[in-house]
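Below is one structure, written out as structure tokens; comments come after it.
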Amino acid sequence: MVLEGGEPGEKEVGLWIDLTNTTRFYNKKEVENAGVEYVKLNCKGFGECPSEAQVQEFISICKSFAKRSDKIVAVHCTHGFNRTGFLIASYLVIENNCSIDAAIAAFVSARPPGIYKQEYLQELFRRFDDVAFTPEAPLLPNWCLDEPDEDETDAEAPSKKRAEVSEGASFADGCIPDVELVTDRDTVNYVHKTCKEYCNYGKKDFPGSQPVSLDRDNIELLRLHPYMVSWKADGIRYLMFMDGKQRTFLIDRDNNVFLAPTLTFLLPDGDTHLTKTLVDGELVFDTVNGQRTPRYLIYDVVAYCDDLVREQPFHERHRIIRKRIIDPRIAALGRHRIIREREPFGVRQKPFFELCSIEKVFSLDVGHETDGVVFQRVDEPYMGGRCPTVLKWKPSCLNSVDFLLQIRKEKREGMISEYVGNLMVLGVDVPFDRMPITKDLWKYNNKIIECSVTNGRWTFMRERTDKSVPNSYETALGVRKSIRFPIMKADLVKFIMENSLKYQLTPGSFVRLEHASLAPDHH
């Protein structure tokens, strides 16, 4: 047994990493009684390779142990080949800068025949090279026969129906309790179908309206059409669908559906629960007295009590938000019909201002992170999907694209192979661009990352845990254009004050006024 030690002078085992997904194989007490640390890292098996998060956890465990001990680490799954080899090979690539070929060969040499599951080898090459170069798996060991290399779990596996809906999605990265992921297929289908119909959106992805980047061409829209402006919050986007008592749903960019059963919306009568109502907004975290307070900011309404108000002008839609959604909530809070402390987050209306208030908008202290401004056209209906007339402006240093990062080994004739980061966008099979790879970026392989441009090169900003798909090709092009030919804040303010269309809002419409420069601030 490995715990009994080897020949004199050989290093002792100091850490045992158990990769099995059960307690049937290894006895924790027996390991610890031998003076060896024991760590359980559950890897499911059943053909499921260790996840990238599990790889990073494995590396972290090994590195932490190596800092405080010169003893060796023992790693084992059921038989010690597939999951064990997968994690050790991943470690060698990420930490020792080995090629995946060399890492697999090293494991084969130490523990023949090495990884013998073809899908494990394919996944390693998918992550660290090119799946087309995956070698053929060796023959099964003679002892293996039909015995699986995977574990049975100690607990019953979740039902397939629930897993198909969504797996691992969390609301606001798990920061807010009392909002639960909806896993009932019928409920999810109902919410998806209703939201897409209300938004008049026929595609399968998120149906909410998506702004485009302001550039030197589409800025002319501010001269030709009536617009309103607000700050651009650095929040989390959600559609909210109210459909009766304890049936307030939130839909994220990945079309995951969440339920906030304690969040209440009432009709103006103060008693009847709001139904068949869809609003658009974002979740922000305001800092109040040093505490982070979550709030949902409603900035548009698509349907109200099954009435498609999306067709009305923007300022009329905003009036509906105030009069029929926010005001009844405030009244109910005053009568204790709604108990705010029982709700997972607050709800407010996000204000919009006439364009002449642009400087005021830039100077607002709103209590949460902002990263620019957004321009909403007054005389157009709500449009699901990419909307070329809803414009967003960010400082050039904050302009960013959400890419799918794919780390691949690039082979050039006459040159040493190296790993590069392919930046992929939605709907295109070739990289939109590339970025250099550092050790810290390996954990984001095949994940969505937000990137900005620094000194002419894409640089990593953060992982987008709220998204599972990258930006579209059109969006990435628009952002790159705005980065290459930026509109400075001072130039934007000057253009608006001198050239934007001046108008007066009227019920259901607006009246054009003369183009007057330096219009007074709007209060």
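We count from 1, first residue shown onward.
Glycine is no exception: its Cβ is also placed from the backbone N, Cα and C atoms.
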Matching residue for the GTP site, where TrEMBL names Arg253, Asp280, Gly281, Glu282, Lys392, Trp393, Lys394, Arg462, Glu463, Arg464, Thr465, Asp466, Lys467 - out of Arg237, Arg377, Arg484: Arg237
Spatial neighbours of Lys232 (active site, N6-GMP-lysine intermediate), counting only the recorded positions Cys77, Asp280, Arg462, Arg464 and Cα distances within 10 Å: none
Secondary structure tally of the domain 'Tyrosine-protein phosphatase' (1-134) (DSSP, helix then strand then coil): 66 helix, 17 strand, 51 coil
Number of other Cβ atoms within 10 Å of the Cβ of Cys77 (active site, phosphocysteine intermediate) across all protein chains: 25
Rounded distance in angstrom between the Cα atoms of Cys77 (active site, phosphocysteine intermediate) and Asp466 (GTP binding site): 32
Sparsest Cβ surroundings (other CB atoms within 10 Å) among the binding-site residues Glu282, Arg462, Arg464, Asp466: Arg462
Least Cβ-crowded entry, counting other Cβ within 10 Å, from the recorded positions listed as Lys232, Arg237, Asp280, Trp393: Arg237
